Structures are given as structure tokens and as C-alpha cells.
Amino acid sequence: MSDVTIVKEDWVQKRGEYIKNWRPRYFLLKTDGSFIGYKEKPQDVDLPYPLNNFSVAKCQLMKTERPKPNTFIIRCLQWTTVIERTFHVDTPEEREEWTEAIQAVADRLQRQEEERMNCSPTSQIDNIGEEEMDASTTHHKRKTMNDFDYLKLLGKGTFGKVILVREKASGKYYAMKILKKEVIIAKDEVAHTLTESRVLKNTRHPFLTSLKYSFQTKDRLCFVMEYVNGGELFFHLSRERVFSEDRTRFYGAEIVSALDYLHSGKIVYRDLKLENLMLDKDGHIKITDFGLCKEGITDAATMKTFCGTPEYLAPEVLEDNDYGRAVDWWGLGVVMYEMMCGRLPFYNQDHEKLFELILMEDIKFPRTLSSDAKSLLSGLLIKDPNKRLGGGPDDPKEIMRHSFFSGVNWQDVYDKKLVPPFKPQVTSETDTRYFDEEFTAQTITITPPEKDDDDGMDCMDNERRPHFPQFSYSASGRE
């Protein structure tokens, strides 16, 4: 966009997302909300296609004196995952200048969006959809914590937890993501979670987990998401050791289709790994969004703290260069390599050595791999995101055109017309044979956050929830 201008630019210290040390970065804040950091001050204002997807729109700003004085944090909810970036500058005045500039850009973008919503010819359609959704939650009693049995902790992190639940009324299984409200709303600030939950409601794709309900309690936001029962892809691969190239092509195509959809909505998934891929009862891929930033794990040898699964991290993430959509194509390369080769492309128990491999080591292939498969994986696992297959402006189209996928009809992929190469042996959506036996037989308890909640974690009156009016959603009205 030619009318995008730089609002503020300067050096700041940015804390690494995975290796928690501080690095100097030259940041540009632009009128479109982009906030991009470079290792060196860029000479050319018209920089090449920016890979960064981080925007200050709909974000929450916090100031803190820890772990260093004059620190500020930008936090936002992307899909249902909390993304957080931490910066520090030398003086309180500098911090004030940055936070005021960021807030001004965010406020202006918010106003523009509201104006667009009011003037847009589609706003009436949007409103009808919202009314339908409200109606669905009115006619079907609003969901509360009491409507579910809690079976197993699927994940736990800094901002909340994900629990496998069974809806009492239907017997269906879901993953419930529970986020603490205080991490999303600043004390004096209304969060933008509602807008984000609206994005979630509209995120519908055959290979992405869909949102079934969302509701709130006194101090938590709850997202109830689809949980398919064909088993984790990791489980099936570990049983068979490797998948054929045909089977890998089928799964790879479905993943590309889903990532294409997310990228078109300006969402970078960031967390593609085997553990986040499941199969539905028919054998199609479902990419889960149960991710939470894991508690930091400290590597004793270096005393640096890591966040996440280091084996899957792209080079640009490790180096803490700003990254964007190409990070997902690296993730695709890693999972497809695992499927066809039966191991990770880079692995070492020592994190420092692992990082060196990811950044420097050339990829090696088994002799059994076809030249098309080698070519695809080599392209996806290029260290430089700008040169990576899928890293250019064409994004997924580069991958779709690759010879490994020749003969694939991408519309048929989306329409689920391709026959899955493996069908899980489940008889229905509530068949639990691929679940761990230890947790299908028993339920777990959730500690009530407040003693005065009627049912432990029930919904509260709207008047007592000024920040989150109407944070309630049921997909049943749309199916």
C-alpha cells in the first residue's frame, strides 16, 4: 500500500521468544499497524515483501520494570493463542514515546475498522450472522462449565490450560481451552478479545479444528473446540515408522490447504508439528489449535530459557529475526520429512548443538526417497525464509505447483473428494479407542476459581462482566 508511512523508528532491545536473551533490533512502526524489527537499520524504505505478520492492531500494551527497567510488552490473541513480545529501552521517556505511538496507531486502526463495519454493504450480513448466533445461544441455554465432564489435561501453559472434555448432553468430545482473563485484559483496558472471537467464529475450514462454543466465567474465557477421534498422526507414524510418499502427499496437501486459508486471513499458524496433527474418523487431517506458550524450560548447560519445541523451530525464529508466513512452510517441511524419513531432519539432545544444526547443517535424505520428494523437502527447509519454497509473494501457490504435488486437484482436496490412504478403526464420533485408556474411565476435577461462583465456574450476569459483554457463542445455529 503506497499510503503506508512510518510513524516511529529506532533501536530497541527485543527479548527472544525462544532463547530468552536480549538482542538489539531496529524497529519500524507503520500506519498499517506493522511493527517490524531488523538486525541492521534498513537503508531502503521500500523494503522487499515484508515477512513479518505481527501487527499492533487489537493488541494490549503493558509496562513493567521486570526483567529490566523500561520494559514494555505487546500482547494479543491470535486465533486462540496468546502471542507476546517483550521490549526494553534505555529511558522512561523513550518507553513513553513508543507506547504512545503504538497505542495511537492501534486506536486509529480500531476506529477505521468500526467505520468500515458501519459503512460496509456486508455489515448487514454480518449483523444477521451475529443475531443468529445470539439467538442460538439464547434458545439453547448458554453453556457453562457444568455442561461438561473433564477427562484429561491436554496442555498447560503460562496463560491457561487445555482439557479434553465430554459434553454431558451429547456425549461428544471437545477440547476446552481455558484462558485467564487477567492476562488478556489490562487493569484499565478493554481487551480486543471479542473481535478476535469473532474471527474465530468465522474460521471455518475442513482441516482446521472449529470452535463449537465460547463462554466465560468470573475470571476465565473458555473456547470449546472440536476434538477428533481418529488419533494423533504422531501415534500412527510411530506405529508404522514411515509413511509412503503417496500417504504423505495426501496429508501434506490437506495441511497446505489449511495453511493457505489461514495465511489468506493474515494468520500465521507458527506451531506446525506432528503433535498438532490429528485424524478425524474418516482419516482426514485436523490441525489443532490447542497450543499454549509452554512454561519456560531452562537448559542447565547454558542457563538460557527456551519456550516451545526446539526441534521444529525455523532458523529465523531461532535468530529472532521477525518472521511471518514462511515459518509455516518450514514446519510443513519438518513434518513431511518426519513422515517420509521416520525421523526429524535435525536432532540433538543438547539444545545448543540442535540450534547449530537447524541454522547451519545441510539436510540429508535416505536413498529411498524420490527426486520429487527430495526437491520438495529441500525447498521447504531452505534456511533463508525469503528463498524458501512458499516464501515469496505467491505463498502456497509455489508449493502447490511443485512437481511432488503434480496431479493433485486442490479443489478436490478442499472438498474431501480424495480417498484417505488410511481410515481409523472407529465406529462413531464418540469411539475412544485411540484415546489413552487411563483417562477415558475417570474424570478430573477443576478447582473453582471463586468460592461464590454458583457452580464452581458458572457464567455471570452481564452487568458484572463489563469487559466481555456477549462473549458467548454457539455454533449450533450455523450448522
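Even glycines carry a Cβ here, placed using N, Cα and C.
Swiss-Prot lists SER2 with the feature N-acetylserine, giving similarity to another entry as the kind of evidence. What Swiss-Prot records for 5-107 is domain 'PH'. Sequence annotations record features per position, and here Swiss-Prot assigns disulfide bond to CYS59-CYS76, CYS293-CYS307 based on similarity to another entry. As annotated by Swiss-Prot, O-linked glycosylation site applies to THR302, THR309, SER472. The phosphothreonine feature in Swiss-Prot is assigned to THR305, THR447. According to Swiss-Prot, the feature phosphoserine maps to SER472, an assignment based on similarity to another entry.
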Three-state secondary structure, which DSSP defines for CYS59 (disulfide bond): coil
Cβ packing number for CYS76 (disulfide bond), 10 Å threshold: 22
Mean of the pLDDT scores, which run from 0 to 100, over the domain 'PH' (5-107): 83
For CYS59 (disulfide bond), the number of other Cβ atoms found within 10 Å of its own Cβ: 24
